[in-house]
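These features come from Swiss-Prot:
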- Asp46, Asp85, Glu117: Mg(2+) binding site (BINDING)
- Asp46, Ser47, Asp85, Lys115: 3-methyl-2-oxobutanoate binding site (BINDING)
- Glu184: active site, proton acceptor (ACT_SITE)
- 277-305: region 'Disordered' (REGION)
Amino acid sequence: MKDKVTIHTLKRFKQIGQKICMVTAYDATFAHILEEAGADVLLIGDSLGMVIQGHDSTLPVTMDQMVYHTAAVARGARRAHVVADLPFMSYQVSNQEAVRNAGRLVAEGGAGSIKLEGGAEFADTVRAIVRASIPVMGHLGLTPQSVHKMGGYVVQGRGEDQARQILDDALALEQAGAYALVLEGVPMDLARTVTQRLSIPTIGIGAGVDCDGQVLVCYDLLGMNPDFKPKFVKRYANLHGSITEAAGAYFAEVRKGAFPDEEHSFKATKNIRLAPGAPAPAARVEPSAPAEAGEKLGPVYGRPA
C-alpha cells in the first residue's frame, strides 16, 4: 500500500503540479474499488440524497445518514483521504453546532476532514472547526444546498461582480484555515484565477482543467444514469447497460430453470434417503467436525481482500 493521503499530501500535490483525483463514494465496496483504481480523495457527498435516496436535491440529507455512509466508506478505504460533507442545516445555525457535527463525521464516521459550502459568511465557522483540530475543505460557486437562493442549478460567476465575490470568498476561506477548495459550476477563466491566487489546492467540478484537481460523482462517470447528461460530466463506462444486461441474463436463467446448475449447488457427503411421510428420527448429536473439513461458502461477502 502506498502512503496514506493526508491534507499535507494534497498541498504538496499542488506545489509539484500533480493533479488531485477526487471522486464520490457512498459505501465500502465502491470505496475499495475506487481506491484501487487510484483515487486520492473519496468524498462522501450529500449528493447521496439524489443518487442513493432518490430525492431531487441534497437538502433532505441528515447528519445521521452522513455519519452512516461516511463510516461505510472509511471501512473500505485504506490509502485515500476520506472527506465528508456537512449536510444542510448542520452548520448554519451556530458555530457550536457546526463543530459538534463536524466532530461526529470524524469520531463516528472515520472521516479525515469535512467539507462545507459557503463563502466569507462562514469564515468564522471554518475557524471554529479548524480550532477543534478538524480540517475543512471549502466549496464555492454552484453550491447545491443554496439551490433555492440561486434559482436552480445554474453556472455561477459569469458576471464581473459575482466573479469578484467568488474570488474574495476563496481568499477568505483560505485565511480562515481551509486546506482545500471545491469550485463547482464556474467559468474556467475564473477557476484559473482563483487557483493561481490561492496557496491551497482547488478541486474543480464543471470548472475547467486549470484547477489543482477534479471531482465527479462516481455514478455519473460510470454511466449509471443514462438520463442525466450535464455538460461537465464525461462518461468513462456504461454500467447502466452492463448491469441491465447482467441482471437480465440472471432473471432469464432463473425463469427457465437454468440457474442454479450443478456447479453452483451443494451435494450431501453421503446418500440420504428420506421416505415420504416417515416420522422424523430422534435427534442425534454428532461430534463437531473440524472447521477445515466442512465445505466453505467462499470469502466473507463484501469484505475487501
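Numbering starts at 1 and runs along the chain as displayed.
Using the three backbone atoms N, Cα and C, a Cβ is placed for every residue, glycine included.
The number of other Cβ atoms within 10 Å of the Cβ belonging to Glu117 (Mg(2+) binding site), over all protein chains shown, comes to 24. If you take the CA of Ser47 (3-methyl-2-oxobutanoate binding site) and look 10 A around it, the recorded positions you hit from Asp85, Glu117, Glu184 are Asp85. Summary of the Mg(2+) site environment: with the site residues Asp46, Asp85, Glu117 set aside, the chain residues having Cβ atoms within 8 Å of the Cβ mean position are Gly45, Ser47, Thr58, Val61, Leu86, Pro87, Phe88, Lys115, Leu116, His139, Pro144, Gln145.
Glu184 (active site, proton acceptor) is 11 Å away from Glu117 (Mg(2+) binding site) when you measure Cα to Cα. Its own atom aside, the Cβ of Glu184 (active site, proton acceptor) has 22 Cβ atoms within 10 angstroms in the protein chains shown. For Ser47 (3-methyl-2-oxobutanoate binding site), other Cβ atoms within 10 Å of its Cβ number 21. On a Cα basis, the residue listed as 'active site, proton acceptor' lies 13 Å away from Lys115 (3-methyl-2-oxobutanoate binding site).
Around the Cβ of Asp46 (Mg(2+) binding site), the same chain contributes Thr58, Val61, Met66, Asp85, Pro87, Phe88, Pro144, Gln145, each under 8 angstroms and 6 or more positions distant in sequence. Cβ neighbour count for Lys115 (3-methyl-2-oxobutanoate binding site) (all protein chains, 10 Å cutoff from its Cβ): 25.
Under DSSP, Asp46 (Mg(2+) binding site) is assigned to coil, being neither helix nor strand in the three-state scheme.
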